Amino acid sequence: MNVLAKTRVYELAKELDITSRELIDILASEFNITVKNHMSVLDEEDAELIKEIFDDEENSDEKANRSVVADEEIDASNKKVKNKKKEVKKGNKNADNESSEEEIVIEMEDTITVKALADKLKKPTTEVIKQLMFMGVMAAINQELDFNTAEKLAEKFNAVIMQKEDDTITKEIEDEDEGTEKRPPVVTVMGHVDHGKTSILDAIRKAKVTSTEAGGITQHIGAYTVNVNGEKITFLDTPGHEAFTTMRARGAQVTDIVILVVAADDGIMPQTIEAINHCKAAEVPMIVAINKIDKPAANLDRVKQELTEHNLIPEDWGGDVITVPVSAHTKEGLDTLLEMIILTAEMEELKADPERKAKGTVIEAKLDKGRGPVASLLVQNGTLKVGDSIIVGNTYGRIRAMFDDKGKNIKVAGPSIPVEILGLSEVPDAGDRFNVVKDEKTARNMADKRKEKLREKRMQSTNKVSLEDLYNQIQEGKVKELDVIVKADVQGSVEAVIQSLEKLSTDSVKVRVIHGAVGAISETDVTLAAASNAVIIGFNVRPSNNATVLAEKEGVNVRTYRVIYDALDDIKAAMVGMLEPEYKEVVLGSAEVRVVYKISSVGTIAGCYVLNGKITRDSSVRVIRDGIVIFESEISSLKRFKDDAKEVAKGYECGLSVEKFNDIKEGDIIEAFTMEEIKPKNL
């Protein structure tokens with residue numbers, strides 16, 4: 001069956017006023033459409049055709065004769081369907097019986113107790129437990145069932161289980177309206193070590209970070225705000241792409257603009273390339289600050305040339321990347337840099353709604369001996385107030401005190417303002433999102449539920465991308481491209497592999513190299529892979545011990561090779577696996593029906609003689625009468641005398657029954673076949 005539209009079986013059954021089970025039987029017996037369960041999706045054309053046929057039947061005076069067939073033996077199998085259609089035509093006269101057969105739609109969260117499910121199903125608890133026992137699940141009345149178990153159980157009672165989000169969470173934090181008021185930009189400074197990131201931050205702040213911290217006057221809260229010609233800019237003063245990517249890996253996009261610092265006398269260096277790749281992966285606008293222009297060896301043109309090698313074309317070279325020559329030492333160019341930040345922010349049209357409840361991200365967090373859990377927050381929308389109840393990741397609390405970046409005690413903080421707060425129950429993680437909720441009880445309940453979900457997730461397998469599971473994820477629409485990080489021992493290998501991998505891209509599967517560099521596989525690489533759901537490929541290099549531990553923790557797939565072509569073959573094989581498989585039919589054999597047996601508890605058994613090939617238990621079969629295929633299905637049982645048989649060869653007799661088909665006649669030919677997948681040999 002081709003899935004072209006989202007018409008589910010249970011939805012169509014409701015429209016036709018019949019149960020899902022009856023519709024599934026009708027689809028199989030009358031339309032030759034096989035579906036797995038009530039949640040299966042029907043082709044739009046099939047659904048419309050079925051509706052038209054049902055409408056025609058109800059409007060026809062000959063409806064009663066439609067299901068009449070020549071043989072009395074299949075009357076019983078069709079009687080239920082006919083009776084149901086007659087009841088529909090009569091307008092459901094027997095309302096009491098119909099109400100028990102009506103399909104029930106049940107909403108549940110991740111788990112539900114046996115008693116709660118029984119109440120929703122309107123069935124005795126003992127009956128539900130009995131069905132669970134038939135399913136091989138031994139459960140007490142107060143035991144919790146997961147979603148999959150509850151779904152299968154509900155199907156037996158003609159009910160549909162729908163998963164829902166927590167109502168409280170939905171009501172409290174679902175509002176994603178960005179608002180209409182302008183907000184300050186949030187800026188992160190990135191670049192290679194010793195290129196002057198901290199010096200630029202210090203120069204902008206008009207004071208040395210070390211001197212102010214030593215006196216305990218200024219609180220280091222991980223961010224600060226400056227005023228530029230009446231406009232505010234918030235800088236995250238934890239420079240480096242590690243913090244930037246760690247937050248992004250947690251789903252927190254806090255940065256609006258990135259300042260990429262490049263030393264004029266040093267040029268593009270390995271960590272600069274990493275920073276560039278992080279920015280591209282996060283799709284954050286970038287301003288290049290070419291620092292140390294006061295040095296004698298400064299060469300602006302060389303830096304710009306190296307930028308173009310990474311597809312960053314400066315504006316004065318005809319591109320769209322803003323480059324600003326600066327000197328943190330002499331303060332030259334810093335005003336221009338700040339103006340460019342304001343200009344870029346205006347182009348980005350950064351908006352917020354100060355009137356809504358606050359939400360944002362944790363920048364830093366620690367446990368203070370005297371003050372307890374302390375968290376630095378960046379308010380991204382709304383206004384945060386002292387006394388607000390908040391949910392922060394898996395923890396919660398009520399804000400007892402709030403301080404700005406200068407250590408001043410404040411009562412309120414608007415969008416893009418960094419603050420330090422007291423009052424949380426535990427220390428959150430950097431990158432955790434926070435939301436203000438109506439009261440502390442709500443926050444505590446939400447935190448408890450999040451912790452429970454986290455425990456469940458830890459028990460489940462990881463969902464990071466590996467070459468083995470890419471095909472399944474692409475089929476489910478989870479992965480639309482394969483992101484790769486390449487590390488090698490020499491630059492020539494890196495470039496060769498990147499070019500080769502990018503050439504593998506097709507219309508069906510895209511390969512995107514998000515980072516390539518020389519050196520061992522580091523924790524930074526693993527963090528980027530976790531944030532971008534990427535695979536790491538290494539050539540003649542190994543991951544460090546810390547990187548190995550982190551990769552295992554984050555579920556990042558790391559592959560190392562000695563030969564480049566082995567890696568290309570593996571990537572290509574994974575991509576080939578993503579292509580839609582093709583199938584060919586292989587006929588296994590055929591058998592002639594010599595005698596037909598009717599068994600009330602089983603159905604129709606065909607006594608057959610295998611004419612050629614073989615009949616196997618797991619094969620599909622088609623029933624052929626007078627050269628015409630009248631039905632296709634699976635073998636429900638295959639016996640040789642009284643014993644179950646896996647297969648029966650040519651020249652032997654057997655007994656078999658066909659799934660959902662009882663109209664077998666003497667002289668019919670049973671043809672067994674399988675569908676074999678033809679694996680694509682190339683892209």
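Including glycine, each Cβ sits where the backbone N, Cα and C put it.
The following features are taken from Swiss-Prot:
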DOMAIN    182-351  domain 'tr-type G'
REGION    191-198  region 'G1'
BINDING   191-198, 237-241, 291-294  GTP binding site
REGION    216-220  region 'G2'
REGION    237-240  region 'G3'
Chain residues in Cβ proximity to the region 'G1' (191-198) (below 8 Å; excluding those fewer than six residues from its ends, i.e. six or more beyond): 209, 239-240, 260-263, 266, 269-272, 275, 291-292, 328
DSSP state at Gly191 (GTP binding site), helix/strand/coil: strand
Sparsest Cβ surroundings (other CB atoms within 10 Å) among the binding-site residues Gly191, Lys197, Ile293: Ile293
For Asp194 (GTP binding site), the number of other Cβ atoms found within 10 Å of its own Cβ: 13
Structural state of Lys197 (GTP binding site), classified by DSSP into three states: helix
Assigned conformation of Ile293 (GTP binding site) - DSSP reduced to three states: coil
